[in-house]
Each structure stands twice: as structure tokens, then as C-alpha cells.
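Residues annotated as heme b binding site in Swiss-Prot: His63, His92. If you look up Swiss-Prot, you'll see 2-146 marked as domain 'Globin'. Marked as N-acetylvaline by Swiss-Prot on the basis of similarity to another entry: Val1. According to Swiss-Prot, the phosphothreonine annotation covers Thr12, on the basis of similarity to another entry. Summarising the annotation, Swiss-Prot assigns phosphoserine to Ser44. The N6-acetyllysine feature in Swiss-Prot is assigned to Lys59, Lys82, Lys144; the stated evidence is similarity to another entry. Look at Swiss-Prot and you will find Cys93 tagged as S-nitrosocysteine.
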Amino acid sequence: VHLTGEEKSAVTGLWGKVNVEDVGGEALGRLLVVYPWTQRFFESFGDLSSPSAVMGNPKVKAHGKKVLSAFSDGLNHLDNLKGTFAKLSELHCDKLHVDPENFRLLGNVLVVVLAHHFGKDFTPQVQSAYQKVVAGVANALAHKYH
């Protein structure tokens, strides 16, 4: 991902204030509610029968934290996202058979959640930088697909 120095500062500055557990759980939960067909990858998580069940599900929250921890690692390697996410790309492609479009959807949901959490601090410039990052991460995660 090519970011200007200003964009990198905006992304890392805001990310330093992110509660990975809260934002990760909310982002994954929203993905599962807004795009219910994504729930098929999480059948082992138990009750996903309603929006409140999804948003209150501890396994959704835990996996959301795991997802955002990996995203956080990617922010430290913006110049090598494909390398950073190579193993996760392989896992999601070969073993889990996740549709790579879901990575793009989750990235967009993450941007919504960040905007919700940070309000006025999530300026159009910050959003623009984050859109580049989530697109880059989605592309890196889709890299191993044939």
C-alpha cells in the first residue's frame, strides 16, 4: 500500500487509540449481521440467530480481537502486506475456503466501526487513508487464491 507520510501518521495515530477487542468484536459482529451469508464460516460459534445474539457472542468477540490483532501487525508492515498475510491467505484459501470478497466487506465494515468510535476525529482524510489500508490488506489476504 502506498501511503503518504501524512496518511501513515493519520492511520498509526488513530490506531494507537483503538481498543482491538471492542472494535474487532464489533466489526466482525457487524459483518455477520449485515452480510448474514458470512455466518456459514462461523457455525461452530454457537448462537448467531439474531443481531443481539451475534453482537453478544463471546466467540465472535474473541475472533474479532484475533482478526484486528493481525490487522494491527499489518499496519507495522505496510510495505509488505502480501508477505505479512501470506500464511493467513493460505489458511483462508486452502483450508477454510473463504470467499476473498469477504475480506473487502470486513475492511469496509471496519472503516464504519472506526468512524462510529472516533466521530469527528475520523475525518475524510483519515477515512481515505484507512480505505487504502483495508483495500491493501484485503488484496494481500486474497493473494493466494487462484
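Glycine is no exception: its Cβ is also placed from the backbone N, Cα and C atoms.
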Those recorded positions listed as Lys59, His63, Lys82, and which of them has the most Cβ atoms within 10 Å of its own Cβ: His63
Of the recorded positions listed as Lys59, His63, Lys82, the one whose CA lies nearest the CA of the residue listed as 'phosphothreonine': Lys82
Nearest of the modified residues (Val1, Ser44, Lys82, Cys93) to Lys59 (N6-acetyllysine) - Cα to Cα: Ser44
Spatial neighbour of Cys93 (S-nitrosocysteine) that is closest, considering only the recorded positions Val1, Ser44, His63, Lys82 and their CA atoms: Lys82
Among Val1, Cys93, the one of these modified residues whose Cβ has the fewest neighbouring Cβ atoms within 10 Å: Cys93
Lowest local Cβ density (other Cβ within 10 Å) among modified residues: Thr12, Ser44: Ser44
Conformational class of the residue listed as 'N-acetylvaline' under the three-state DSSP mapping: coil
Closest of Ser44, His63, Lys82 to the residue listed as 'N-acetylvaline', Cα positions, recorded positions only: Lys82
C-alpha spacing of Lys82 (N6-acetyllysine) relative to His63 (heme b binding site), in angstrom: 21
The residue listed as 'phosphoserine' versus Lys82 (N6-acetyllysine) - Cα distance in angstrom: 29
Secondary structure of Lys59 (N6-acetyllysine) (DSSP, helix/strand/coil): helix
